[in-house]
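Quick notes on the structure that follows.
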Amino acid sequence: EEAVFLRKKITLLRAFSLLIGSMVGSGIFISPKGVLKNSGSVGFSLVVWFACGLLSMFGALSYAELGTRITKSGGHYIYILETLGPLPSFLFLWAEFFAIRPANSAVVSLAFGRYMLEPFFAPCAAPVPAVKLVSLLGYYMVLTLNSWSVTWSARLQTALSIVKLLALALIIVPGMMLLAQGHTENFQDAFNRQSLVLDKLPLAFYAGMFAYSGWFQASFVREELVRPERNIPLAVIVSVVTVIVGYMLTNVSYYTVLGMQDVLASPAVAVSFVQRAFKSLISVVPVLVALSCFGTMNGGIFTFSRTLFVASREGQWPPLFSMIHIRRHTPLPAVMLMFPLVTAMVCIGDIYHLMNFFSFSRWLFIGLATLGLIVHRHRHPELHSPFKVPLFVPVSFTIICLFTVAMSFYSDPVNITIGCAVVLSGFPVYYLVIRRQMSNRCHSSFCKYAYYITHKLQLLLEVVQQEIKTY
């Protein structure tokens, strides 16, 4: 009885919650070990954390301008498509679907499972099969919620954002109290250059940037934002500054209580922190951290489904995935598509290998998206943008991203080569399918078969094409 389209239900508060909820997730609770291991010392690791925060701010400001220039949803994908063309945008989509997003979701899911089970098995480590089972159950719960209701997904994100900030506060406060009492012994010789290995620094940046990743999430739901020209820049600036301050204080607290060797030896840094700082909350903090990871999973599914939705609408993905449920008004097919790959990666993956595996592709394309902002400014100087950043911001961010990507080939050649191969494997698919360079007979048969499958799935899922343009 009413038009089927994605409603504008993301207010400023919900946009802020989406960004906070996506950034503050598993990263701050698992990445300190990766940053410290690859930076070599406490002092250099804190420098890396601050540099990653500053770099995230540069990227977030660049994306805020892109979000006011380009009015479509889709994040990285639509920005690359509109500025650099269809081939790089399809390669991003290909890598995002087959490598970046499932690996990222698997990392967060595994962190959720590990922290959820930690109180039941402490002081022993939780069994790996149990961790993976709970990880998958958590992921499927979020998947179901996002298929059911946009409003409830947004409300859950707001509630879990408060939980995330509470979890950080429970780590920061006791650490700051000990530091104020003069417990600075773990910061002696903080900048030990003997343990610094320059070719490992890109991996330290990958771990740090993984913890901050999420500052771009508002751009994925641009068409569903209320007053996006005002709310995108405002939500981005406030949320990134909040997270930078929170992360720096959290890491100082970790080092104050645990020290360098304890952080490196811990499979779950936040749990080790609680065991040392105050045992009365030993069962509370891991649950808060698990809920924090749950919120990150929710934000990731919420936003990536919009990328598939927009890519399908632009003709670079099967048309089924640009359809919306007739009653729920959710992009149901796009939401459901990811679960087989995430399931496989959770079953076979290891957190730190997965992190290096997807970080190469992610930061390559984020660098290309901000390069696209520079190109777009040059091509359309007459275009008025309600939010504009100084040119050195996207230029600096692009150079650092691409340089880090290039350096990572020396740091972890195996995983980076696999990631590169995944990206390059999209070339033949693009030229054979997207450019329609098939024989007429083959193409006709393919289209008939694809139409038949799409029609049957459309009836089964109760979905139709969007009836109103929202951009």
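Each position is counted from 1, following the chain as shown.
Placement of Cβ uses the backbone N, Cα and C atoms for every residue, glycine included.
Remember, TrEMBL labels are computer predictions, not curated facts.
Among the features that TrEMBL reports, transmembrane segment is placed at 12-30 (among others).
The list of residues near the transmembrane segment (42-64) in space but at least 6 beyond its ends in sequence, with Cβ under 8 angstroms from a Cβ of it, reads 32, 35-36, 75, 79, 186-187, 190-192, 196, 201, 204-205, 208-209, 211-213, 215-216, 218-219, 232-233, 236-237, 240-241, 243-244, 247-248, 251-252, 255, 260, 366, 369-370, 373, 387, 389, 393-394, 396-397, 400-401. Summarising the annotation, TrEMBL assigns transmembrane segment to 42-64 (among others).
The feature transmembrane segment is assigned by TrEMBL to 76-100 (among others).
Annotated transmembrane segment per TrEMBL: 120-142 (among others), in sequence order.
The annotation transmembrane segment is assigned in TrEMBL to 162-183 (among others). Long-range Cβ contacts of the transmembrane segment (162-183) within its own chain (Cβ-Cβ under 8 Å, at least 6 residues beyond either end) map to 20-21, 24-25, 28, 246, 249-250, 252-254, 256-257, 270, 273, 277-278, 281, 284-285, 288-289, 291-292, 295.
Residues or ranges marked as transmembrane segment in TrEMBL: 203-221 (among others).
According to TrEMBL, the transmembrane segment annotation covers 233-257 (among others).
Here TrEMBL flags 277-297 (among others) as transmembrane segment.
Under the heading transmembrane segment, TrEMBL lists 332-354 (among others).
Feature annotation from TrEMBL assigns transmembrane segment to 360-377 (among others).
Taken from TrEMBL, the feature transmembrane segment applies to 389-410 (among others).
As annotated by TrEMBL, transmembrane segment applies to 416-434 (among others).
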Counting Cβ pairs under 8 Å that are 6 or more apart in sequence, does the total for the transmembrane segment (233-257) and the transmembrane segment (12-30) reach three or more?
yes
Tertiary contacts of the transmembrane segment (12-30) (same chain, 6+ residues out, Cβ under 8 Å)
107-108, 111-112, 115, 154, 157-158, 160-161, 164-165, 167-168, 210-215, 217-218, 221, 225-227, 230-232, 234-236, 238-240, 242-243, 246-247, 250, 268-270, 289, 292-293, 295-300, 302-303, 351
